Amino acid sequence: MFFVLACSSDCFLKITYTNGQENDNKRMEKFFAFFWGSFLKYKIIEVFVNGKCFNYVTIGQYCVYTSQCQGGSICTNNYCACPVGTVVDGSNCTEVGKCWSHQILIDKICYDKANVGQFCKYDQQCQGGSSCISMLCTCPFGTIIRNNSTIGQTCLYDEQCESGSTCTSGFCACPSGTTYLNNWCVGSGHCRPDQVYVRGLCYDKVDFGEFCYLNEQCSKNASCITNRCQCPKGMVITNGLCAMNSQCYEYQVSVNGICMDSVSIGMKCAADSQCIGQFSSLVFNSHILSRFPKYTNYTDGDCQTLVPIGQYCSYSSQCMGFSACIRSICECPAGFEQFNDVCRKRS
């Protein structure tokens with residue numbers, strides 16, 4: 001390892017390295033920062049990487065190399081961000097406190113999670129949408145306890161019953177005139193506007209790529225193939241609808257007669273039909289619960305930063321360009337190769 005202290009007309013008091021090891025560069029920066037800061041009152045403002053000078057930047061600012069990032073952050077998607085397992089604490093990244101699964105971290109202290117009626121100190125402890133009122137987890141005004149009872153289980157109120165059932169004689173049951181089908185009470189006559197009536201039963205209408213039972217549920221000229229609304233063989237998505245194949249490759253879609261690559265979340269696109277996967281919101285029972293920050297994906301209950309091919313990852317769902325998280329790096333799977341930041345099948 002050979003380090004050089006460089007002072008030139010282009011870069012002002014920075015540390016360089018000769019073998020590309022950025023971690024060692026960090027240690028040397030601390031030494032020289034102390035030495036020069038104490039005796040010459042200079043401040044290191046740039047770093048020398050691969051023959052060029054780059055400014056030091058703080059968390060959240062644009063970067064090219066991790067060696068630019070301060071406060072223990074790393075360069076991810078060209079922005080300094082805290083590594084997995086750490087959070088922003090002022091201008092530094094600090095490790096997230098580790099609590100048991102039945103606990104929650106509040107002000108760096110682990111507190112037990114609490115259900116309705118149990119002791120609490122903070123609202124964050126309270127589960128099921130309750131709040132900490134008079135040191136007890138309590139349902140907010142105008143709400144009641146919902147035990148999420150399924151059909152056949154005991155209940156007190158209709159609001160407790162799931163799958164469209166109601167509380168009848170102390171038990172959740174399908175209302176009169178409906179039938180229990182595929183975990184839901186469906187009617188045999190009139191259907192909701194977001195449903196379709198097929199052979200005496202109501203089924204939810206679904207968009208392209210979503211789960212289905214019947215062709216009639218699918219829109220945009222799609223068919224229910226292997227329980228997903230898809231374009232039939234010989235057809236491709238064109239301007240949001242299934243249309244005859246316009247000689248595009250299997251990894252492309254036709255947009256106004258032009259073949260464009262399908263792209264994963266976080267990548268550049270010109271039309272909605274190019275985008276594979278819709279992760280901008282979490283949908284539950286046809287309701288949008290929350291939207292995620294830009295350039296993130298929802299994995300294991302958390303928003304994870306999207307990662308381009310060749311950079312550090314924790315989950316394959318973070319990896320862009322149809323790559324996968326292999327040995328903590330986004331790489332093209334076996335049988336695929338990188339082309340224009342996208343993994344394509346080898347010909």
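The chain as shown is numbered from 1 upward.
Cβ atoms are placed via backbone N, Cα and C, with glycine included.
Per DSSP, the secondary structure of the domain 'EGF-like' (62-94) breaks down as 3 helix, 15 strand, 15 coil. Annotation comment: TrEMBL describes 62-94 (among others) as domain 'EGF-like'.
The feature domain 'EGF-like' is assigned by TrEMBL to 119-151 (among others). Computed over the domain 'EGF-like' (119-151), the whole-number mean pLDDT of the model equals 79.
Positions annotated as domain 'EGF-like' by TrEMBL: 154-186 (among others).
The domain 'EGF-like' annotation in TrEMBL covers 211-243 (among others). For the domain 'EGF-like' (211-243), the list of distant contacts is 182, 196, 198, 203-205, 252-256, 271-273: same-chain residues at least six beyond its ends, Cβ to Cβ under 8 Å.
The domain 'EGF-like' feature in TrEMBL is assigned to 302-344 (among others).
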